[in-house]
Structures are given as structure tokens and as C-alpha cells.
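The structure appears below as C-alpha cells.
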Amino acid sequence: MMATTWTRPWFWAFAAAALAFAATVVLTGVQGAGGLLVAALTFASFSVLVGLGQMAVITMGPGNVDLSIPAVMTLAGTLSLKLMGGAAGTELWGLLAALGIGLGAGVANYALIWLLRIPPIIATLSASFVFQSVAIWSNRGLRIKPPVSLAEFSTGSTLGVPNAAWIGLAAALVFWMLIERTAYGRRLSAIGQNARAARLAGVPVEGVRAATYVLSAVMAALAGFLLSCFSGGAALNMGAEYLLMSIAVVVIGGSSIAGGNSNVPGIWGAALFMFLIVSMLNSYGLGAGVRLILTGVIIVAIVVAASGRRLTP
Amino acid sequence: MRRMDLRLLLPTLSLLLLLGAVFWMQPRAMSYTGLNLLFNLSVPIALATIAQMLVIMVDDIDLSIGTFVGFCACVTATFLHDTPLLGVLILGAAVAAYAALGALIELRGLPAIVVTLGMSFVWSGLAVLMLPAPGGSSPAWITALMKARPPLVPMAIIACVVLAVVGHLLVTRSSLGTLLRAVGGNARSVSRVGWSVVRLKATAYGLAGVFGVLSGMALVGLTTSADANIALRYTLLSIAGVILGGGEFTGGRVSPVGAVIGALTLTLAGSFLTFIRLSPDWQIGAQGVILIVVLAARLLVRRRAVR
């Protein structure tokens, strides 16, 4: 393993994010830099939360991907806000309800994968249809505001860093410990590198898979809860952009899409980059069409560049 | 061959069962017009499903097919209508881009799921540039073709049968199709025999691009106008259609006839839910449940077949 910083897979994600940040600040002037940084940290933290869960799932190797993330976010957001009803003193129950919904959704996802022996893509896809339906049914066009305390917390800052970013950082730290320092993390990587070898070596493959799908859904639920508090209410399409986002941050962050190798710091770098690139293109006054095209071209270019690095050790 | 027949049995049965349920609930659907209405929208979905199947066949997955169909629909409704020659050139370039992507993915060993994810932004960006708001109009000949009323059998059904037969000849019967499926089965042995896997993957993606273009054109023929987001759900529908039709994600095990049947089943599921007056809230969920039930049935059938 090379020790120099620039050979680390996560370095490029942060470098690209810094570049996008600099390019924006050059145009908008230094006075806008602080605000841009706060916005980037806040919005990136939502992507980080779902990205960490997706990363654990993708680490298990080809075919493993969680397509139910947007639906779980929406379901957790709508149901928990409905339960709290905007009243003070219900915050803890709301959070627990959201996490419980994540737990239930994760168990349902894994039950489908295991019982029906179907590819996770199809299992999480069909389950997400059901989750989305429940969210639509429970929402009925209502827009319930979160309790004031939660709205203030999720939009506020501590020590100059947005609270959402603190949660994102804490989650990243927990995931780093989990992946790098626990038996679970070792088993997860082992499954991704060679599921058959892992099974023969005595890794409880199905148990680890179950735990990982539950973990991903719980992270999605947490992100949905935070996002709906942050934006002053849950919306039925609030999770939509996070499906592509969760996969994109995993890959741009330097985790292997083929599994077996995950990278926690890279998730943060990639999430910052994904937000900053859009604000950069925005500040240069480009229309929605050009912005989309450039975002796509940049994602493909990064993947091509990253693969080149791996081919030449 | 017998195993493939068995694989097709279940998708066919579920389609017939669903069709029977629709007829039972709404006997008037058992007519020329009724069938046409039921299956009208299935033609572009079936074309997109075949495109997805061609990519799944070489062990990849295409997350951009929905936005690509939307892009092709926008080209059809604008350039192909106003300046046909330019329109044909653009669609040709799009197919070439698809083939180039296939080559790039194989050449650099890229994850198809991410490359196509990135491309989905590109296609929808291009579509937004062409049609910032819904609009455009369908070239007359496409509308005439899609809304034709041939005697006895509705156009939608003829189109799907033709598509299934063409797909079967191309993928299951031709030597090219056998080679392409072999790439999905074992790319290394294909390259050791002396074939260029890069060229084969480019061919598979290029063919997928052709069916994507056809899907966009068929869609505009039905809706007579287009917008950038017109076909977003095709990405997930097409994946579900391939799997429903007995295809698998790895090993080049796909069935074109099954894919068309899968697409028909998904379209019919939508109509069925409207017929039973299910609250719109639950329509998406019920589609998910139908998908789960069919897959559960497939598991049971396979278990029995193994015994």
C-alpha cells in the first residue's frame, strides 16, 4: 500500500471538489465563499448519509445495489412528520419512528432477496414501489411542518459547522470504524472479493447481507428524516435525486463498483464535489440542459480516469 | 431448448392470467378497440425492454435507457419532423455514441452501471436543450404507422409479435446473437477463440441504441408530442420486463420473446389496476406486488422443475 496522499482513491474526489469550489469563488467573489461552503456541507451530508449505506451494499459485489433508497427516505420522512404532527416534545419519537421504518424496510428488502432468490436490484425495486405507495397514501398532499426545535436544529450550526454536517461526519466516522476495525467490515469486504471463498472460510454470508441491507435502509430513513426537517416538510418526490446520487458518490469516492473495496472518506469528497459542481455550473449562468450534460460528462470522465489509475499500479 | 421453453412458460401464463382477469372484469375489453387500448403503450416499452435485454445479455446494465428514449423522442418530435435528413443524422450519431460507449466500457474495464448513469444526465441534458417545455410534433408517417388499424388484429399486437420474432431471430437464432450471448457467458473464452470482445460489446450496445431510437419514435407516434422526461420510468420498467420474461443478470441468459411478454405484462398490470378501480395511491404499490408475485411463482416452478 502506497503511503503518499495523492495515490489514495479519495484524494481525487476532494481535489475535484476543491477545484469546483475555487472555480465558483473566482466568479462570485470571496464574500460568497462562506455561504457556499455552509450550503455545500449541508447538502453533501444528506448525500453522505445515503451514500454510506449504498457503499456498504455495493461492497458486497456485483448485483448488490439498493434501489429502494428514495422510497425509504420519502416513507420515513412523511410518516415520522405525520406522527410528530409538528408538536414539541415528540422529537425523539419521530426519530425512533423514522429509524424503525428504515429497519422494517431493510428487513422487507432482505426478506424478498432471500425468500424469492431474486437479484437485489429487482427485489429492492419492487419493494420500493410498495414503500412509495404507502408514502403516497399516508401523505395525501398534506404538508405537515416538523416541530420547531427540529427545524431549527437541522438548519442551524454549531461551532460554525452546520448541524447536518456534524451528523454526516459522525456517521462517516462510525462507518469508518465499522468497515476498517470490526469483524463485520472484514466479512463485508471478504464477501465482495469472493462470496464463495468467504462462505468456505466460515463467514456467515447471509447474516452479513441481511445486516447490510438493513443498515442501508436505516441510513436512508435517517437521511429522509433529516431532509424533511431541514426543508420544512416531507414531499413525495424528495428522495428522487438521491438514487443516482447515492451510487455516484460511492463510485466517484473511489470505492470499487465491483465490490470488495470500500472507501469512507471518498464519500464525503464525492458528495461535496457533486454539490459544488452543480453550483459552479449554476454560477456560470449555464442553463439546465448544459448543466446536466456537463454533470454527466464529468461523471463519465472521472470513472474513465479512475480506472486508468487502477490499471497502472 | 426445453429449458428455455420452460423458462417462457411462466411469463406467458402470467400474461394470460392477467388478460383473463381483465376480460372477466371488463368483457368489453375483449374487442379490437379494447385490445388496442390495453396494449397501445406497450410497443415503446417492449422496444426499450429489448434494448435493455441486449445490454444485460453482455453482463452489463443500462441505467440510461429511459433518458435515451426520451432524447430520441425529442429528436423525433423536433428535427425528424422539421428537417428529416438532420434528424436521421442525429439519431444515427446517437446509435454510434451507444456503440462507442460499449467499446469504451470494455476497453477500459469500466463499470457499466456508472457510465450509463453518467450518460443518463447527458441524454436528458440534450433533450432539455432541444425541448425545454413539452412540445414538438410527430412526423406524419410515424403517427400513421402507430395508429394504423389493420384488419382483425390491432397494430399494437402485430408490432409486438413482429418485435418478438425479430428479436428471437437476431438473438437466439443468428450466429451474431450466439456470439453476443457467449460474451455474457464467458467473455474470456470468446476472446481466446479470437473474437474481439470490444467489437462485440460495441455491437451489442449499438443494437441497443437502435432499439432505443425505435422506442422513442414509437412513443412520439403514440403521444404526438414529446418532452425530456417522457420516458424516465422506462429504465426501471425495462429491467423489470427483462427479468419478468425469464432473463437473468449474468451469463447471457436472456429471452427476447420473454422480454416482450414481460413488457406486455407490466403494461397490462397498469391497465388491470385501473379496471379494478384501485385508488391511484396504491397503483405503484400494486405493480410492485404483481412483480413480487410473478417472481415468487417463478421460484416455485423452478423448484418443481429441479425435482
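Counting begins at 1 with the first residue displayed.
Including glycine, each Cβ sits where the backbone N, Cα and C put it.
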Listed range which TrEMBL flags as transmembrane segment, given the options A:12-31, A:292-311: A:292-311
Residues from the same chain, set at least six apart from the ends of the transmembrane segment (A:266-285), whose C-beta lies under 8 A from its own: 9-10, 12-14, 16-17, 20-21, 23-24, 27-28, 36, 39-41, 43-45, 47-48, 51-52, 55, 168-169, 172, 245, 248-255, 291, 294-295, 298
Cβ pairs under 8 Å between the transmembrane segment (A:32-52) and the transmembrane segment (A:159-179), at least three: yes
Beyond the flanks of the transmembrane segment (A:159-179) by at least 6 residues, Cβ under 8 Å: 38, 41-42, 44-46, 48-49, 52, 55-56, 59, 153, 185, 188-189, 219, 222, 226, 230, 262, 264-265, 267-268, 271
